[in-house]
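Each remark here refers to the structure printed beneath this line.
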There are 2 protein chains.
Amino acid sequence: MGKTVNLAQYLFARLHQLGVRSVHGVPGDYTLRALDALKPAGLRWIGNCNELNAGYAADGYARVKGISALCTTYGVGELSAINAVAGSFAEYSPVVHVVGCAARKAYKSKAVIHHSLGDGNLRVFADMYKNVTVASASLFDPDTAPDLIDKTLEQCVKESRPVYVELPSDMVGAEVPESRLATPLDVHPPKNDGKLEEKVLDAVLDRIYTAKQPYILVDGLVAPDQIVEEVNEFVRVTGFPTFALTFGGGIVNSKLKNYHGVHASSYGSLDFTPYTDRADLALLFGPLLSDTNTQGWSAVPKKASTIAFRRNAIEIGESESHALHIKAFMKKLLVRLEPKRLPSDIPQALSLPRHSFRAEPAGLENEKPLAPINQDKFYRHISSFFRPHDIIVCANGTPLVGGRDFILPPKTKLINSSIFLSVGHMLPATQGAALAQKELGTGGRTIFFEGDGSFQATAQELSTIIRYKLDVYIFIINNDGYTFERLIHGLHEEYNDVAPWRYLQAPEMFGAPNDGSYDVETHDVGTWGELAKVLASEKFQNGRGLKMVNVRMAREDVTSNFRAALKLAGQQLMVDPGDEQ
Amino acid sequence: MGKTVNLAQYLFARLHQLGVRSVHGVPGDYTLRALDALKPAGLRWIGNCNELNAGYAADGYARVKGISALCTTYGVGELSAINAVAGSFAEYSPVVHVVGCAARKAYKSKAVIHHSLGDGNLRVFADMYKNVTVASASLFDPDTAPDLIDKTLEQCVKESRPVYVELPSDMVGAEVPESRLATPLDVHPPKNDGKLEEKVLDAVLDRIYTAKQPYILVDGLVAPDQIVEEVNEFVRVTGFPTFALTFGGGIVNSKLKNYHGVHASSYGSLDFTPYTDRADLALLFGPLLSDTNTQGWSAVPKKASTIAFRRNAIEIGESESHALHIKAFMKKLLVRLEPKRLPSDIPQALSLPRHSFRAEPAGLENEKPLAPINQDKFYRHISSFFRPHDIIVCANGTPLVGGRDFILPPKTKLINSSIFLSVGHMLPATQGAALAQKELGTGGRTIFFEGDGSFQATAQELSTIIRYKLDVYIFIINNDGYTFERLIHGLHEEYNDVAPWRYLQAPEMFGAPNDGSYDVETHDVGTWGELAKVLASEKFQNGRGLKMVNVRMAREDVTSNFRAALKLAGQQLMVDPGDEQ
């Protein structure tokens, strides 16, 4: 078969071709030999502290780079990671999960091997993974393995969702033709049916031109759908009032005058419903319409007046759905859009709220220095610290809610969770994102906001950030427990408490070097004055090393308008949690 | 229906009846209302830092108390915990996993709720759980719910394996008849068929009386099978040479002269194969014959000469298997056993190895004080520190292997893993075990041995130990990375490294109080002299609070005879990992 490479080399070469430069994971005996093939393929091993965290980290890396890889051992490793992969599946992060498993003979003999359930059914975990991946490659046959790898990786990119690769330890060394690697993988989106596309373009444009009170609603799948630029251009050209759902909070350039920020119905710090409720057209991009992301669907436009732009379908009104890929469609839409035919008499009162929001005392210097920091203003004030190209990550809980109030500079990226909302997800994801950012060399910093309860769930990945000398800001929103849960139910109950850690000692405990090779600063702030002082420091602004700030906030504080949503959520747990988050 | 209780109260009352006093978990909005019912039912909430750890902790609690409960939220919570529950399934720990999920209406409408995959299939996680539990109760109907709970909990105890309880948030308050609670659950083992039992007893006794070179091999399922006393009595009465597999290392009273310790074929520190290989009868109790637990099945007796005593079957030779429950069978066996008919001329040379092992300089004072601590002798030396009623926990990796050399006082309990071997399992399990021990009030201490790599996986549960002021010893076997993996493959590879934590700073970072309410001591030892000094301290021996010892060992050190097993494992990954661990 001519020149050959072994199967692990082949797999890793393909990952490298797709843009992967680092593989997250935890070693295990079934994976060890495969790991030897990483370095020769130009890939770096990032050893996380456990597999769940490695999965979260891979998710964060994928959200920045558009692809990532996770490698765990069979059984214990993959099952530990399955919640992270399920989250990537739910939120469209393309993660390739490589599972090193036993040699093929063990499968044939149904051996009672370690890391299995002991019943001889070695396929059980791969079967579970079918629920949270879009394709899988069970590499049991050297003849079909390369093709299986190719098809599976292509699927990962095309659907922007996780795939599963099962690599028996004795297949690592199987020789396969190297020549295949010369043909790049086909990750292009499918071509649209030209006739259908034109017809739908006509219909969409007609709705746009004849709208009386239109708005654009941008959600987070615009990023994996790779239409961030197109959507921004569409927002700019139309000038339509534009909002984001929480998940899409970082997509639209805040400098655009017609962008008004996050729409969280009456629970947002700004309430846009007087406009949106009366709109006759909602142009909805990249929607992921979970209860949480839409405040119990209260921010979802009526279907009859909606055109939804999804990855593989354009949906018009109540029932029309056309199988068209979004990327090509958006490009054509922008070409065909005639600005002069756009409705010109759109109510403009809307610019007011966001304007007033922006015009508020932006500077911390206008707050009383001794006044305590609160959730209502923290996220707006901290926005002045952000710079273009920064990646901003919000953990679940109060930062996810507060982050709706960010005013982001252009070319920043906001990472948050829309539906899966797994506690602890975002610290490892921040590690992955910071690494991806470093690899891309785009400049900018990685800035992370996380509550104390979340931090405890996956805290050890702080040591991974330190070990690989990544540049990360961590603002611990320290409100002494699960505040988000408290306000739903059990305000003073012990089950919403967490242990009182000394958070700022974490970098040292987790092995921060004291030889000058990596800079760590920690700060404790409870007042606006203390926060202002930290933010003003040039050294703090430089983005190098680890900067960790313990931001003390009141135990029951949350942005004002959202308090009602949490209260309602608590009441409705008895009836229907679907009505409200 | 007369007096009623709500469904959560009913469930928790049943758990209390079975002996549960604490419920491990992480709160989530879908579970919050159920948690209100804990205290009134006499149950304590133990809030772990994440759900995987909570699952491990529940596993440890179950291994001590024979039952435990875990409560997580839907989706993210249960999936995070699934690896722990799978481990409990594989190793027969009876854990009741209560999952708080969305109200029933969301299931009917297939709502896109938070913590789901977003596709409306809300059953997907419950379906996954079917693979790792023996029964499940989906509590969607108030009329059938109490009965479902009863049957599911009974199954948990009867099979000593995990079960799954799905509690929709709107079912928490469903009223059910209180009177049912007056009837205890039926957790008695099934009655044996008397005729069959007599026939099998005859056959077993015949094999015992006519054996020429018999031995007893005790494995870890003897504990969940609840025949620890019966097996010890059988060992005592027969006087047959007795060994344990690694998982069963703590079952037999070490004071019995015919007990020789752990049989790990030629890879154990003592090699019993000259006797076992020529034996004509092996009486195998509570077997879980994984590759790891048997050194690639090399410690498994030939089937033809084996009588295996399993929970629900007595297996004689190659093919005979009789459906009999072990507990009643063992009681009858002891009654019918006539000591005078036992073979009297059993080769006794066997007593030698264990004897010499014991006779070795037991005292640390005989080691050179400045000599480095090594794996070969550490586990024997530390044995002198153990006392009756101690619980001793060995994490996976080198402590699991080294722990084979323990010489345990009577009435100690050894907790280790036999097949699932999940990294990080044992620190949270130690938390659960220490709590269970405290609740039982049997005295004794909880003493835990764990490598540095494992510790990092679940380190935050140290804060749970501290938060609930549990009494625990932790010996960190610090050999700078994944030594176990290194010796299999990749001795000097970066992927077997871990971050250099400052372990002894962990208690303070994790919130150890400094108000005198909880005692913490930390020690760093690298030589026999340093270790001896720590162990000799009366304060250290008292077992109160947290005692943490960083035991520095060489990076590539492992018990001598086992090195060959790891080398072989590395070679055989290419061929068949089933042949050898």
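Placed from the backbone N, Cα and C atoms, the Cβ positions cover glycine too.
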Taking B:Asp452, B:Asp471 as the options, which does TrEMBL list with B:Asn479, B:Gly481 at the Mg(2+) site?
B:Asp452
On average, what pLDDT score does this prediction assign to the domain 'Thiamine pyrophosphate enzyme TPP-binding' (B:410-494)?
95
So if the criterion is CB under 8 Å to a CB of chain A, which of the binding-site residues B:Asp452, B:Asn479, B:Gly481 qualify?
none
Within 8 Å of the Cβ centre of B:Asp452, B:Asn479, B:Gly481, which other residues of the chain have their Cβ, at the recorded Mg(2+) site?
B:Gly451, B:Gly453, B:Ile477, B:Asn478, B:Asp480, B:Tyr482, B:Thr483, B:Val498, B:Arg555
So, in DSSP terms, is B:Gly481 (Mg(2+) binding site) helix, strand, or coil?
coil
With helix taken as DSSP H, G or I, strand as E or B and everything else coil, how many residues of the domain 'Thiamine pyrophosphate enzyme TPP-binding' (B:410-494) land in each class?
36 helix, 16 strand, 33 coil
Validating a neighbour-count step here. Other CB atoms within 10 A of the CB of B:Gly481 (Mg(2+) binding site): how many?
23
Using all protein chains in view, find how many other C-beta atoms are within 10 Å of the C-beta of B:Asp452 (Mg(2+) binding site).
25
Ten-angstrom check, please: count other Cβ atoms within 10 Å of the Cβ of B:Asn479 (Mg(2+) binding site), all chains counted.
23
